[in-house]
Amino acid sequence: MPIKFDVTQEHIESYPNFCIVTGVFNDSYLFPSTIQIDKMSQGYISSLLKRNNFNGSINQHLLLYDAPYFFNKLILLIGCGKKNEFKSQSYNTVIHYIINFCKKSSITKILLLLSELNIDGYDNYWKIRNSITLCNNECYIFNKFKNINDVTKKNITYEIISYIDKLDNNFQYCKQAVKDGLAIAKGLNIAKNLGNMPSNYCTPNYLSNKVQELSNYNTDLDIEIINELQLKTIGMHAYLAVGSGSIYPAVMPIIKYQKNPKGPNTNPIILIGKGVTFDSGGISIKPSDKMDEMKYDMCGAAAVYAIMSIVSELQLPLNIIGILAVSENMISSKSLKPGDILTTLSGQTIEILNTDAEGRLLLCDVLTYVERYNPEIVIDIATLTGACVIALGNHYSGLMSNDNNLSNNLIFASKQTRDYIWRLPLDENFEKQLESSCADIANVGGRSGGAITAACFLKKFAHKYKWMHLDIAGSAWISKNCVKSSTGRPVELLTQFLINISKI
């Protein structure tokens, strides 16, 4: 369900066909805009609130039809709780409730009078951009493979306008929030759509072609596709081993964006996304329960693809390289086996103890490959370990890094976007779990601290630059109440991180 979003300083009378949405705090404390509407309707709202015992509790609502002396047919009053307790989470809750109520009520034109809400530490830019991404998430639906007869499942367009007071001198800043918000929302949908594609459609070839298509309509992005033969010539044997059992050859698409005003040779920021289009576990096969969800094992690559589209649209003054580590982990007579030993691009050898720990085999060779770019920062994004889901659930992505300042900056961006991350430790005690009797390193370190030992494995290949690892195994998709969908995380988080860097 697509959305159109804009801001306006025109009088609300200019939007007679829109449902006016305004708020009421606890104990019927009216917003300034609600007071204005009440006066225009000659006290109709205040008297109605008293008769209906409407006290402004959070998410309490009252939909008014044809208020007297008022030009709009619909007014939605939404409870916002106690004024002194209204926080950023309260704002998100209210927006979420409004959009869901309007969807159920078939209201498609919405005029929000909520910018006057005061939230400590958050300005109108945040409120507007956050409203856009929240509305986009609530309206998102993946129905590509459904035969649609039900009108409620069709792609209905929602038109949402946020009113900004005429006394607000930062209207252009609000317009920028719309531009940024719509670009991020579009990117989130791109990531979700890719993540939700079934693996018989979204093969390594499909992802490679999607990246190649970017150059057809975006001249700011340079595309390079490294094929299986080239990967072998380079010496990326760990990378190639992952897809050895698949009929689809491994591939490594690279997306380059160079807009740093200091020139194209300025050290780039590199994003690496794990793109296992289906992960059967290989010889160490996964349980059949929920194996269908292993189509989501390419959500890291989908996120990188989406972020590169966003930064190009926003024209961020940075040099950024996005790399999609794409393969399929299947079973055949050629598959990687437990006990095998691989020689990586770095020269380090790996003993394979579990073929279901395949993502790190892709990433370790890419982490070595990117040394040629002399990167400023490297961030890998991967649905890497079930252990991270056990540790952090579905609410937080796991962060592990070799740089404290970089980690703090990413944590700050996570608070800005409410796409939360939690930093986990990296130290030598965990590295001991990866010791091998016959190779330089084992590819797993036992059950304890699995998310951390996976990051410790990657750390051995990322010692020449500032590096962060995001384990999104718990946050990349949702699976509950018969609903399964990619979330698009951490697209907004990393986009905000890049926006923050671009302003330094």
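Just so you know, glycine gets a Cβ as well, placed from its N, Cα and C.
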Swiss-Prot annotation, Mn(2+) 2 site containing K274, D279, E358 - matching residue among D292, D297, D340, D380: D297
Residues close to Mn(2+) 2 site centre defined by K274, D279, D297, E358, Cβ within 8 Å: V242, G275, V276, M294, M298, S327, N329, G359, L362, A382, T383
For K286 (active site): intrachain residues, at least 6 apart, with Cβ closer than 8 Å: D279, S280, M294, D356
Candidate with sparsest Cβ neighbourhood (10 Å radius) among D279, D297, E358, the listed binding-site residues: D279
Fewest Cβ neighbours within 10 Å, where candidates are the recorded positions K274, R360: R360
Helix, strand or coil at D297 (Mn(2+) 2 binding site) [DSSP, three-state]: helix
